[in-house]
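*Asks:* Attaching a single structure in structure tokens format; questions to follow.
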Amino acid sequence: MSIEIANIKKSFGRTQVLNDISLDIPSGQMVALLGPSGSGKTTLLRIIAGLEHQTSGHIRFHGTDVSRLHARDRKVGFVFQHYALFRHMTVFDNIAFGLTVLPRRERPNAAAIKAKVTKLLEMVQLAHLADRYPAQLSGGQKQRVALARALAVEPQILLLDEPFGALDAQVRKELRRWLRQLHEELKFTSVFVTHDQEEATEVADRVVVMSQGNIEQADAPDQVWREPATRFVLEFMGEVNRLQGTIRGGQFHVGAHRWPLGYTPAYQGPVDLFLRPWEVDISRRTSLDSPLPVQVLEASPKGHYTQLVVQPLGWYNEPLTVVMHGDDAPQRGDRLYVGLQHARLYNGDERIETRDEELALAQSA
């Protein structure tokens, strides 16, 4: 079941929380709405579900406009962060609930309900807990019950609001893998909300990064990591080093040092330079690729690599976080050398194109 979100706007009083949002979600795709608090991601999810109504715009399921349909008529499964299980019902009865309250003409008979719930219990690996009550379950088990209950009515679309937010780190990891496997098996269309970058990129087919009621980028997880569309995405998606300097001619000036860019940008003046920790070139010896001296402040072994916090020597005030591969891990106090050739340059929120990007733009003009 595909979802088309067309020009959705939403205001609460004078506060605009969604600004002309448009997004197409193909049938069978799992999409993460990712962003900080106040980005509008949960409001958008609730509008898809019919739990909130947009100020303007349309929601279509497989081409059918459902914008004015009540939530109960949209055939959407919704899983809340805090489970919303019925405390007085067993696990079995919680999962069966949605089936037992269907209109009489749609309601399965008791034997069919039992068979379906039994199958779902096996699917979520909780058959041995069918007679327990929510108070007797762990957080991860409760979330599986909530998911099984949502799937019981065979929803066209499954929506999840911060589904793992209330769980500890290890349980979250296990449930993420389990949900991804379940999605591969059942091929349902799903949208989930999260503020956790790792969760979004691990589980989703596509990540939609939101900020202040706008979509900043909607792409495959790897694309969002490697090719951020905006400065916000670059800074939000994981750790990043920022250096403030100036472009003069074909060089980036930082402190008393200059770094050749290999081309002369059209823009000249103050810039912010961004590098992910693994994008910083680092060496024990100075070279044309790694000419800038740093001193190791912290060294944290991470298995096949070492994460370092290094202090630039004479060319910048703020420490940098970098990654160094190999068995010969540096020690605190060691001198190393770094290079900046994989950097992204911004003037405010505007990206300064590299030479290859400038050539591509010129050829397409």
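Cβ atoms here come from the backbone N, Cα and C positions, even for glycine.
Positions annotated as domain 'ABC transporter' by Swiss-Prot: 3-237. The ATP binding site annotation in Swiss-Prot covers G35, P36, S37, G38, S39, G40, K41, T42 and is backed by sequence analysis.
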*Asks:* Which has the fewest other Cβ atoms within 10 Å: G35, P36, the binding-site residues listed?
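*Replies:* Looking at the binding-site residues G35, P36, the Cβ with the fewest others within 10 Å is that of P36.
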*Asks:* Around the Cβ of T42 (ATP binding site), how many other Cβ atoms lie within 10 Å? Please give the count over every shown protein chain.
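*Replies:* Other Cβ atoms within 10 Å of T42 (ATP binding site): 21.
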*Asks:* List, in sequence order, the residues of the same chain other than G35, P36, S37, G38, S39, G40, K41, T42 whose Cβ lies within 8 Å of the centroid of the Cβ atoms of the recorded ATP site.
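*Replies:* Result: H195, M210, S211.
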*Asks:* Rank the binding-site residues G38, G40 by how many other Cβ atoms lie within 10 Å of each Cβ and give me the one with the fewest.
*Replies:* G38
*Asks:* Looking only at Cβ atoms, how many others are within 10 Å of the one on S39 (ATP binding site)?
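*Replies:* So the number of other Cβ atoms within 10 Å of S39 (ATP binding site) is 25.
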